[in-house]
Amino acid sequence: MAQEVLKDLNKVRNIGIMAHIDAGKTTTTERILFYTGINRKVGETHDGGATTDWMEQEKERGITITSAAVTCFWDNNQVNIIDTPGHVDFTVEVERSLRVLDGAVAVFDGKEGVEPQSEQVWRQATKYDVPRICFVNKMDKLGADFYFTVGTIEDRLGAKPLVMQLPIGAEDNFDGVIDLLEMKALTWRGVTPIGTEATVEEIPAELADRAAEYREKLLETVAESDEELMEKYFGGEELSIAEIKAAIRKMVVNSEIYPVYCGTAYKNKGVQPLLDAVVDFLPSPLDLGETKGTDVKDPEKVLTRKPSDEEPLSALAFKIAAHPFFGKLTFVRLYSGKVEPGEQVLNSTKNKKERIGKLFQMHANKENPVEVAHAGNIYAFIGLKDTTTGDTLCDANAPIILESMDFPDPVIKVAIEPKTKSDQEKLGVAIQKLAEEDPTFTVELDDESGQTVIGGMGELHLDVLVDRMKREFKVEANIGDPQVAYRETIRKPVESLSYTHKKQTGGSGQFAKVIITIEPYAPAPEELEEGESAIYKFENAVTGGRVPREYIPSVDAGIQDAMQYGFLAGYPLVNVKATLEDGAYHDVDSSEMAFKLAGSQAFKEAVAKAKPVLLEPIMSVEITTPEEYMGEVIGDVNARRGQIASMDDRAGAKIVKAKVPLSQMFGYVGDLRSKTQGRANYSMIFDSYAEVPANVAADVIAERNGTAS
């Protein structure tokens, strides 16, 4: 079959490979690419040869940092795969990939089961309602336990796994799987070179009873999903393979169940059946139906687009990447319509026209040019100047804005100081390009020191960004120590604070009076309306036109400006609700600027009386350690102001879960290594913001304000 973009959307799968770091996502992707004929030589992450790991840093570190998009073909179906990073610092890559995918393969380590980042990625996939199948990988690993891993999918993720295969053997003796649909054994005995096909055999006698038990569970799940099938099954009739597959597919598309497969990608066992499952059970763009968006002129009005070339164009830009020859690549999911090189489209998010230069389907960092981009597929566009992540591209005659993506604020910052004037100029270019690519990378200028401060999701995230500045943009710079992204908030309401802004300097003056109330604001996620933030809410309670309508947004803007610099140490304020209750204006002297200044000053005065406190990021930390080091590990967590949440056993080791302030976690990897002779490891993800204890807060505030003794 010609390796070209398929127009039959029933045969297209847009999938992601997602997991915890080191569960084997990239290796699984490499094997898929080999078996689908894209790679003649298979790449390994440990030798820096993986196709989807194409950045220099990825090759060096053996982890996937950016989501590489790859197109391949299996059994006359087109599979567009996005290999997403498992490291928590790169959660934005996972988030934006899931937004544009139709299905995903969740890869789990057969020894570890569900790990912290697995939970985080699973939650992100649930947020975007992405159907999933599961692959229990590394079945050849010492301590691998398929049944334990399936149990963790149920217990830790609250998901309903549907076991489709059973392992034959484990660890060094893992030889294959039992296919519970066909009730046959698929074996890859001994050392299996890449490309080895499975041998179909009868089920080993010692596993026959267990296979029959799991087959019955599978059939019961299928029967319970459909009345007709239930009557047939419980009436003693045989269900056909086609009926079983159709029922499973329907449940998967509705995210009711999650089929579970197993194997070892590195040893080339179990990959082909996983590919069959992708085609059999994960949805095509047609299964998911219409895409929703809003009217450009009326955000309350919902518009829909069917996945068809005949519909008006609607597409979402989900990633920007720099290309050494073509400049800016914009990765786009086309939901409806079609587009050709040279066409003009509307960026409805920014209300700007864009012209498409070239169109590509990507194979990691290699490009395959296409003449027409069709609905339902993923492409890279060249030539878009103003489009950034989350923007909608559409037909100017039928504008629509698709749901964008929310990205978390950075939790860690470092100061970066260019070594020469030439480096200063190069740094400006580097920052602009990197910020275009990565919405969680922030840049600000410290007013006091004059330094450029960059922010990100963790130490590794910033390490990689700084490394890219040096490598790709030739910036030489000194990097400061990590800084914690503290926040401030208030603990008590302040009612009816009045402030009058008045200035008379000859001619027309400035006059604005506002009366505001501020209060702590912490709504539950389900209480928020679409588009509302938990960080800040503004309410207008003015009656009788005492503040003209056109000045109300200026008061809101003034308050939001003031929130950027808190009362205690100049950190941004969060979780505040402000209500404009009353005010006064002057026909001649009032203006938008006067009301903006009045709102800002009134808010500052109110915050000073509202018991402001400092907040710090708290990390959810999971430490895996041999039992003999438990005392050391727990003592160290307590010394870091951490709180132990739970202690469990897993695969012969102890698991300590704790909540620890980020400020106490810098350099932890080295400390943990030395305390446990290198035998313990840990992972951490951002959990929440919490109030800093008064004695610690006093030191942070003094240091920030330059009054530390």
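Positions of Cβ are set from backbone N, Cα and C atoms, glycine also.
As annotated by Swiss-Prot, GTP binding site applies to 19-26, 83-87, 137-140, with the evidence given as sequence analysis. Annotation note: Ala19 (GTP binding site) sits in a strand segment as assigned by DSSP. All protein chains considered, the CB of Ala19 (GTP binding site) has 29 other CB atoms within 10 Å.
In the predicted model, residues of the domain 'tr-type G' (10-286) average a pLDDT of 81. Sequence annotations record features per position, and here Swiss-Prot assigns domain 'tr-type G' to 10-286.
Of all Cβ atoms in the shown protein chains, 28 besides its own fall within 10 Å of the Cβ of Met139 (GTP binding site).
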